[in-house]
Amino acid sequence: MTLQDEIIKELGVKPVIDPKEEIRVSVDFLKDYLKKYPFIKSFVLGISGGQDSSLAGRLAQIAIEEMRQETADETYKFVAIRLPYGVQADEEDAQRALAFIQPDVSLTVNIKAAVEGQVAALNEAGIEVSDFNKGNIKARQRMITQYAVAGQYQGAVLGTDHAAENITGFFTKFGDGGADLLPLFRLNKRQGKALLAELGADPAIYEKVPTADLEEGKPGLADEIALGVTYNDIDDYTEGKVISEDAKAKIEAWWKKTQHKRHLPISVFDDFWK
């Protein structure tokens, strides 16, 4: 078995999907969790305005609505949270996403004060925080906020991790990589687009250039530039297709370099890192 085969098996990506079937798989997955743990009454998710949070958010809202219909329990809610750092340049995209998702509850929590407070405290301790490191603080502050909201709403936090993101480790450890459930896991980028199209999303949502937008010195830096490889190549790779040796080498290098992000904290019983 090649490394590509091993990765595809671990990620669970199918070479061809039926968008309607995959929508049902994700919705049922979320509902099954609520049925298993009846004390959980909400799903919480940060909404950026990009493809991934738009898709996960809409799937969560559908699951919650079906749970209310099936159980007659009106306490089930989906909570969408806008988590801007100051004034976000793509706020229009976020509002477009919220209009598509139609969440039960929509909150906005500006993380700038919390992030700047943390950076100031580190500066006082003699630590000069780099722009890249500060970007990770932003991602982790967003997850702190989501868990705080989930605690108030008896909720579980959803993540937006999917195959194209997971394979490259393109997420912040214990930031956007921290969540309770991952409804998009097994789907690559183009498959996520197909689900959004099936759900009737505005094409602007899934045609938007993907960006983490965490670094102030590189605002709106496209994921593909940061990774040095295109999502088209990543998607082809996860579907078992042949891609250029250069792209393949980059993808597999990212996979190996970021293995620690795909595991719980390492103990003496773990050997994946050796």
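Each residue, glycine too, has its Cβ placed from N, Cα and C.
Annotation source Swiss-Prot lists ATP binding site at GLY46, ILE47, SER48, GLY49, GLY50, GLN51, ASP52, SER53, THR160, LYS189, THR211. Taking Cβ-Cβ distances under 8 Å and a sequence separation of 6 or more, the neighbours of GLY50 (ATP binding site) in its chain are ASP93, ALA97, ILE205, LYS208, PRO210, THR211. The DSSP secondary structure for GLY50 (ATP binding site) is coil.
The Mg(2+) binding site annotation in Swiss-Prot covers ASP52, GLU165 and is backed by sequence analysis.
Proximity of HIS260 (deamido-NAD(+) binding site) to non-local residues of its own chain (separation of 6 or more, Cβ distance below 8 Å) is seen for LYS173, ILE266, TRP273, given in sequence order. In the three-state DSSP assignment, the secondary structure recorded for HIS260 (deamido-NAD(+) binding site) is helix. For ARG140, LYS173, ASP180, HIS260, LYS261, the entry in Swiss-Prot reads deamido-NAD(+) binding site.
Binding-site extent for deamido-NAD(+): residues ARG140, LYS173, ASP180, HIS260, LYS261, maximum pairwise Cα distance 18 Å (rounded to the nearest whole number). In this structure, THR211 is the one among the binding-site residues SER48, THR160, THR211 with the smallest number of other Cβ atoms inside 10 Å of its Cβ.
Across the residues annotated as binding ATP (GLY46, ILE47, SER48, GLY49, GLY50, GLN51, ASP52, SER53, THR160, LYS189, THR211), the widest Cα-Cα separation comes to 19 Å.
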